[in-house]
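Chemist: If you look up Swiss-Prot, you'll see Cys48, Thr50, His70, Cys178 marked as Zn(2+) 1 binding site. Annotated NAD(+) binding site per Swiss-Prot: Thr50, 203-208, Asp227, Arg232, Thr273, 296-298, Phe323, Arg373, in sequence order, evidence recorded as similarity to another entry. Per Swiss-Prot, the feature alcohol binding site maps to Thr50, His70. What Swiss-Prot lists as Zn(2+) 2 binding site is Cys100, Cys103, Cys106, Cys114, and the listing cites similarity to another entry.
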Amino acid sequence: MSTTVGQVIRCKAAVAWEAGKPLVMEEVDVAPPQKMEVRLKILYTSLCHTDVYFWEAKGQNPVFPRILGHEAAGIVESVGEGVTELAPGDHVLPVFTGECKDCAHCKSEESNMCSLLRINTDRGVMINDGQSRFSINGKPIYHFVGTSTFSEYTVVHVGCVAKINPLAPLDKVCVLSCGISTGLGATLNVAKPTKGSSVAIFGLGAVGLAAAEGARIAGASRIIGVDLNASRFEQAKKFGVTEFVNPKDYSKPVQEVIAEMTDGGVDRSVECTGHIDAMISAFECVHDGWGVAVLVGVPHKEAVFKTHPMNFLNERTLKGTFFGNYKPRSDIPSVVEKYMNKELELEKFITHTLPFAEINKAFDLMLKGEGLRCIITMED
């Protein structure tokens with residue numbers, strides 16, 4: 001790889017030229033990394049709902065043309081000035097949010113919301129110089145959440161790169177750079193269920209099932225899956241879900257249904273849909289005295305959370321979480337180790353595999369609601 005150090009690399013990338021239109025495979029020029037940046041060779045990437053959301057560009061600032069993608073795994077090709085903890089050949093996961101290690105958030109054991117590198121969906125350039133590292137015929141192609149993994153090579157800030165065990169299979173652990181860690185950490189790091197406890201999971205997509213996986217790992221004895229789509233229930237059993245509730249089957253609020261099932265409420269709940277009614281239900285279904293509800297899903301910008309203050313005074317706790325409260329550089333390597341020592345199972349999240357040339361099929365699968373994670377193989 002050393003022959004490319006300091007040089008512009010021309011490679012294939014799937015470019016989103018405009019909202020909602022199929023990605024186009026293009027030859028792009030990828031500039032060398034600048035100060036505190038790393039250039040990565042992406043080997044595997046997967047598709048997350050966030051990619052689809054910003055590709056559709058409904059309700060946010062459309063930034064096009066851009067290279068989407070943020071769940072991935074690869075190898076360091078070269079490093080920019082000032083980068084000391086990474087070297088060419090290192091196996092890494094790029095992450096959509098970062099850890100500068102210098103700000104108040106990074107120095108706090110309680111936060112992972114880095115002031116410098118926190119996710120910014122509107123920024124299509126590198127923070128170092130306000131320029132893009134991607135171009136076609138000299139014209140810039142914008143970045144996406146600092147990662148842009150739908151390209152054979154990408155440039156990422158060093159603070160958004162987790163160095164991992166080189167023995168870890170990159171085609172499996174790539175899913176840990178976003179959704180799976182988000183759900184897993186919401187349970188293990190924030191809800192913190194104890195062995196033998198009861199947990200309700202609202203929403204049984206990939207993030208919700210990762211939250212269920214966290215409850216399974218923690219030793220919860222009852223894991224109640226809540227979803228409006230009954231076809232998800234069978235698959236959820238693989239992730240430790242023991243019981244299912246479809247709110248459509250009942251005439252009363254689902255929080256009342258769960259309270260009756262569990263002698264007053266579950267010990268913990270994790271909400272992974274982003275629907276405000278589900279968020280309220282997730283809070284109101286936990287037991288008074290000790291119940292903890294954790295919100296993961298991102299709500300509509302106009303949504304308002306309404307509940308009676310007595311629900312708090314009766315000693316219920318409501319928490320929020322971002323990326324499972326994991327610090328990308330410090331914590332994600334240990335999540336990879338959970339997979340390596342067979343504590344965490346990742347294979348069951350991976351339902352499809354496609355070559356890079358067929359990336360638009362991955363969008364079709366997600367739009368149809370088929371499968372959980374589709375791994376896109378960059379090399380033919």
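Placement of Cβ uses the backbone N, Cα and C atoms for every residue, glycine included.
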Chemist: Near Cys106 (Zn(2+) 2 binding site), how many other Cβ atoms are within 10 Å of its Cβ?
Modeler: 21
Chemist: Given a separation of at least six residues and a C-beta threshold under 8 Å, show me what packs close to Thr50 (Zn(2+) 1 binding site) in the same chain.
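Modeler: Correct list: His70, Phe96, Val145, Cys178.
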Chemist: Taking only the Cα atoms, work out how far Gly208 (NAD(+) binding site) lies from Cys48 (Zn(2+) 1 binding site), in Å, as a whole number.
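Modeler: So the alpha carbons of Gly208 (NAD(+) binding site) and Cys48 (Zn(2+) 1 binding site) sit roughly 13 Å from each other.
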Chemist: Check the binding-site residues Cys100, Val296 for other C-beta atoms within 10 angstroms of each C-beta and report the one with the most.
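Modeler: It comes out as Val296.
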Chemist: In sequence order, which residues at least six apart in the same chain have a CB under 8 Å from the CB of Leu204 (NAD(+) binding site)?
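Modeler: The answer is Ala212, Gly225, Val226, Asp227, Asn229, Arg232, Phe233, Gln235, Ala236, Val241.
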Chemist: Within 10 angstroms of the C-beta of His70 (Zn(2+) 1 binding site), what count of other C-beta atoms is obtained when all protein chains are considered?
Modeler: 27
Chemist: DSSP secondary structure for Arg232 (NAD(+) binding site), reduced to helix/strand/coil, please.
Modeler: helix
Chemist: Cα within 10 Å of Cys48 (Zn(2+) 1 binding site): which of the binding-site residues Cys100, Cys114, Ala206, Val296, Val298, Arg373 qualify?
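Modeler: Those close enough are Ala206, Arg373.
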Chemist: State the three-class DSSP label for Ala206 (NAD(+) binding site), counting H, G and I as helix, E and B as strand, and everything else as coil.
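Modeler: The residue in question, Ala206 (NAD(+) binding site), is helix (DSSP, three-state).
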Chemist: So which one is it: of the binding-site residues Arg232, Arg373, which has the fewest other Cβ atoms within 10 Å?
Modeler: Arg232
Chemist: What is the separation, in Å, between the Cα atoms of Val298 (NAD(+) binding site) and Cys103 (Zn(2+) 2 binding site)?
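Modeler: If we compare the Cα positions of Val298 (NAD(+) binding site) and Cys103 (Zn(2+) 2 binding site), the gap is 25 Å.
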